[in-house]
Amino acid sequence: YLVLSQSCVWYGECGMNPEGKSYNCKYTGLPIPLPKDGYDLMQELCPGLFFDNVSVCCDVQQLQTLKNNLQLPLQFLSRCPSCFYNLINLFCELTCSPHQVDFLNVTNTVPYYDPVTQKNKTSITELQYCIGESFANAMYNACKDVEAPSSNDKALGLLCGKDAKDCNATNWIEYMFSKNNGQTPFSIIPIFSDISVHGMSPMNNATKGCNESTDNVTGPCSCQDCSLVCGPKPQPPPPPAPWLLLGLDAMYVIMWIAYMGFLLVFFAVIFGVWCYRKRHLVSEYTPIDSNIAFSVNSRHDNGEASCGERLGERFENCLRLTFMSWGAFCVRNPRPVVLFSLVFIAMCCSGMMYMKITTKPVDLWSSPSSQARKEKQYFDTHFGPFFRTEQLIIRAPHSKPHIYSPYPSGADVPFGPPLDKDILYQVLDLQNAIENITASYDNETVMLKDVCLAPLAPYNNNCTILSVLNYFQNSYSVLNHSVGDEFFVYADYHTHFLYCYPAFLAKKDLCHVFIVGFSVFSLQPLPFLRIDENYNNATALVITFPVQNYYNETHKLMRALAWEKEFISFVKNYQNSNLTISFSAERSIEDEINRESNSDISTVLISYAVMFLYISIALGHIKSCKRFLVDSKISLGIAGILIVLSSVACSLGIFSYFGIPLTLVVIEVIPFLVLAVGVDNIFIIVQTFQRDERLPGETLDKQIGRILGDVAPSILLSSFSETVAFFLGTLSTMPAVRTFSLFAGMAVFIDFLLQITCFISLLGLDIKRQERNQMDILCCIKGGEEDSEVEHSESILLLFFKDLYSPCLLKDWMRPIVISLFVGLLSFSIAVAHKVEIGLDQSLSMPDDSYVMDYLNYLSKYLHAGPPVYFVLEEGHSYTSLEGQNMVCGGVGCNNNSLVQQVFTAAEIDSYTRIGFPPSSWIDDYFDWVKPQSSCCRVYNTTGQFCNASVVDVSCMRCRPLTEEGKWRPQGGDFMKFLPMFLSDNPNPKCGKGGHAAYSSAVNFINNNSDVGATYFMTYHTVLKTSADFIDAMKKARIIADNITETMGIKEKNYRVFPYSVFYVFYEQYLTIVRDTIFNLCVSLGSIFLVTTVLLGFEVWAAAMVSITIAMILVNMFGIMWLWSISLNAVSLVNLVMSCGISVEFCSHVTRAFTVSTKGSRVERAEEALFRMGSSVFSGITLTKFGGIVVLFFSKSQIFQIFYFRMYLAMVVLGATHGLIFLPVMLSYIGPSVNKAKTRAAQERYKRTERERLLYF
């Protein structure tokens, strides 16, 4: 055995350093028995030295000083008993070991005169401490994983003077022994060696590993604090392998093969039919299907009509007769009809007095019944809403990086442009000016101090401001302080900064500049600098002013909003050429959305004006310049447009009566939709009349009635299909889609009603005006010669469709090309549909000239901090029982699958889970705080009230006895007795575990503070930049929370664990956006198919043709979205639902014209349908919308440019090409056969008229 000599190097305290810390007295004699009043302290601190007569090298006062100095390490490291056991060993041997002389060597002293004993003594001001290298490493290894729950960091990150990742055994001990840490009274120079050096033997006591117990009662450290207990670090599952075939994207390959297969089969069939026709038919120009189509050319009866055909004819005839009678009535009685329409419009529009517009982003994008909204509601009601954030990102564009050269030695250190002292002065000016901003609300003056987040209130009402200037106490004098002589500067703000940022809990730095006292706010470390490997290289400064948020406290919230408004105005107008400031307030996005809506009004109005002008001119057929104002339809066109807009206003008014709020999507989208639908119907009605010839003896009212009987069923088909599709869209859970569908369905329906009533009456009046040769607009002035009736005419567009376009499109060689191209486009769209991105970049919702755009750009560039996430344990859990505590906590004795432990494990694989840090755990910090060894939990022995650790009062005593039972966790009544004290205790240098700052809102008390209700455990996500990042983070957090709920076995107990972060309500929609999109579009398509089937007279195959074409348009829309970088979100889903409605206009009219055609073959019927309805559809929708859409390109709003201009253009182009190119060709191949019953009815109806000749032409 190695026999150690018993001899001391000090005993007792004598003298004090300039900071008031006591020196030890030099003493070289034998150890002295400890007085009995120190036995309790010795047993508590150094039980290994409590033997025999307890002869040691320290007195009771030194033991008390040791206890005081160990309070901070005790509070942070005692959660791992073996770690603290080794640490206390290090200090006990240093302070009291009877063998000090073996490993301590005094190197510097000063004389001291003791005024009490009136003796001269020697104070030790420096000594060497020889520590075994193996001991130091073992102590570090036992402590390196210990967590500091309140700061979401490793404990050594707070106790080592630098980041935990840079801490090691050597620099940790060096920092603890340095007098510059604010705790050590004199310098202790550690010498690390496992062999004797300088005549000293190393202190190499036995250590405990973190996976070992220190005694028979205490267990090893928890998995959270000891990686050895956890075993190997969890590995994230490998990312899913891409689906490849032949080394290429599988969908590309599959669709290419499918397309090639289709072409092979299709052209084989075409070739086979062509060969068959060559052999059996007389003329090669006979259409392919002429032999199988029912032909009326031969005037032969090819069989009886089926029951379905007869039913369809009767239904068709019923609609025709109804609309015929109704049209004639409206023309005969224009005044009552128009008056009734105006009264109806006025009644509906009066509801707009109650109109409410929703601009809150939460209400726009998140359903009140959604999981995220319910969880937000739960969080806000139990813990209060997340604080409001006002943030500045400051750059110094005219400053350059500079080099700081430490004196007398040290490597040069580069400093970024914003860390120039002059710039910091100017930033401090700005910060102080913001603190002094004054706002006014309800005759009250509001300043930052009135609304800011003050986590230490009411004991300390100072505002939390996250700023680099906190390192300098926000003080010009501290910033300007330096230490040096007339020749050299030894230390200034550079050295202060370099010392502070890795050791932000230190009490002083090397240049004796005192910084902010110890405080833990449970906020992300260093959120005020651009995160970099070296903070001194920062290129921007971030200053954040957290402001209180309020739930159901309108007055307080309005005060905060008033201050924010002044803050925005102040920063906008702040002039400093040396600073570039990007900023945002909590209200900024909502304000900018409102401003954007107002600024886009001009764009929308210009767009409408262009469409109005086109419609007014295009409706008229001008025969000559002299008759321009007679033949024009400007008044009628304006009236038709006003009817369309009135239907929109009626829809707004009706739902405003019921208190349903509007959204900006409704205001911006629905007028375009209803204009497309309404204008198309106007063109069909007017142009059909212009092409018609009045029959002999037929009056005007009967003619218009007859025309309405022909076209109104087609208008009813499209309008009712859209109405039903939109109303079924209200089944969506997405507020934007549901509100749009509701208002759009009503607007389209009212538009239809007004068009077959008011517009028909106005059309009759306009025809009468034209027949009386009165000028348009100037109705009192007559033109040239008076015409008794308006002659029928065919427009240039109709002639183009009739003579050129339709015959060319339906040629035998053209039709296969058309089918091939459109099926190819469909195949491509299917192949890329899954690549459409999901989400909405927040910057897209801002105007191009918005100050928020600048802020968002620099936010992603400079601020690399993830958003906080709270794991909320709902009310119902028992925290007072040992079992309940073990299910939640993360310290010694806690379950390996506890809540805190599972979140900690998730943080270990942050690249997969997107959980960036271990959680802050109020319950673990509470257990550390309440330990009897700690000085944190004390009460007055007279009143039982809480006594803060900073209070010096002999009547303050420990909350719990220093016994084995007292060291156990508090349970039952004890747990609830001391918890409120913990949550009201502000952290201070003597007790860093006070829970007021970090956890005051984390625990919700119930039953008159007799029990714990809901609580949360906070951590942070990793850096999230794209929508995909945010969506994945929310998805992973929910998986973790569900797993915690499962493993805690609380599923059946009506409470659970759920994650909450401020962005969840905005991104939850994207978890189900694909399912919602498929559901909404399928519901719309299904309703269109059913309505079309009925209103086409039960023509199921014709309805299928319409639905197939619309489905192709929708799929191709996804292809365009991928090509044009349009993401899938609520806005684009609304546009997809709208494109479904507009597609009905492009397809239904042509299809119905095909079904009622009595031509002999499918090709002829398709040709007739195309030139009769295609020209109206083209002029009514395509050309009208093109004019309006082009204007949207010039909008300042990015959301208009991307989601409206691009998508509207795509839906019009795709709708027109499919409805006017693909659909006629498809009908010419596989369209439904002629309805024999309808044909015979047409023969009877037009017998001995000019129309009879046309039937057989």
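Residue positions begin at 1 at the first shown residue.
Note: Cβ is positioned from N, Cα and C throughout, glycine not excepted.
Predicted automatically and left uncurated, TrEMBL annotations should be read as such.
Sequence annotations record features per position, and here TrEMBL assigns domain 'SSD' to 600-765.
Taken from TrEMBL, the feature transmembrane segment covers 243-276 (among others).
Residues annotated as transmembrane segment in TrEMBL: 337-355 (among others). The list of residues near the transmembrane segment (337-355) in space but at least 6 beyond its ends in sequence, with Cβ under 8 angstroms from a Cβ of it, reads 329-330, 646, 649-657, 659, 662, 750, 754, 757-758, 760-762.
Positions annotated as transmembrane segment by TrEMBL: 601-622 (among others).
Here TrEMBL flags 634-658 (among others) as transmembrane segment. Tertiary proximity for the transmembrane segment (634-658) is limited to same-chain residues at least six positions away from its ends with a CB under 8 Å from its CB atoms, namely 344-345, 348-356, 611-612, 615-620, 666, 670-671, 674-675, 678-679, 682, 686, 742-744, 746-748, 750-751, 754-755, 758-759, 762-763, 766, 776-777, 779.
For 664-686 (among others), the entry in TrEMBL reads transmembrane segment.
Here TrEMBL flags 707-728 (among others) as transmembrane segment.
The annotation transmembrane segment is assigned in TrEMBL to 740-765 (among others).
Here TrEMBL flags 1078-1098 (among others) as transmembrane segment.
Residues or ranges marked as transmembrane segment in TrEMBL: 1105-1124 (among others).
Sequence-distant contacts of the transmembrane segment (1130-1148) (same chain, at least 6 residues past either end, Cβ-Cβ under 8 Å): 364-365, 665, 669, 672-673, 676-677, 680, 714, 717-718, 721-722, 725-726, 729, 734-737, 740-741, 744, 748, 840, 1069, 1073, 1076-1077, 1080-1081, 1084-1085, 1088, 1092, 1106, 1109-1110, 1113-1114, 1117, 1121, 1177, 1180-1181, 1199, 1203-1204, 1207-1208, 1210-1212, 1214-1216, 1218-1220, 1223. Residues or ranges marked as transmembrane segment in TrEMBL: 1130-1148 (among others).
What TrEMBL records for 1169-1195 (among others) is transmembrane segment. Counting only same-chain residues 6+ beyond the ends of the transmembrane segment (1169-1195), those with a CB under 8 A from a CB of the stretch are 600, 603, 606-608, 610-611, 613-615, 618, 672, 675-676, 679-684, 687-688, 714, 795, 797-798, 800-802, 805-806, 809-810, 1142, 1145-1146, 1149-1154, 1157, 1201, 1204-1205, 1208-1209, 1212, 1215-1216, 1219-1220, 1224, 1227.
Residues or ranges marked as transmembrane segment in TrEMBL: 1207-1230 (among others).
Proximity of distant same-chain residues to the transmembrane segment (1207-1230), defined by a Cβ-Cβ separation under 8 Å and at least 6 residues beyond the stretch ends, is recorded for 287-289, 672, 806, 809-810, 814-815, 818-819, 822, 1105, 1108-1109, 1112-1113, 1116-1117, 1120-1121, 1124, 1126, 1132, 1135, 1138-1139, 1142-1143, 1145-1147, 1150-1151, 1154, 1162-1163, 1165-1167, 1169-1170, 1174, 1177-1178, 1181-1182, 1185-1186, 1189, 1192. Listed by sequence, the residues of this chain that lie at least six past the ends of the transmembrane segment (1078-1098) yet keep a Cβ under 8 A from its Cβ atoms are 308, 311-313, 315-316, 319, 713, 716-717, 720-722, 724-726, 728-729, 731-732, 737, 1104, 1106-1107, 1110-1111, 1114, 1133, 1136-1137, 1140-1141, 1144, 1148, 1151-1152, 1155, 1235, 1238. Mean pLDDT for the domain 'SSD' (600-765) in the predicted structure: 82.
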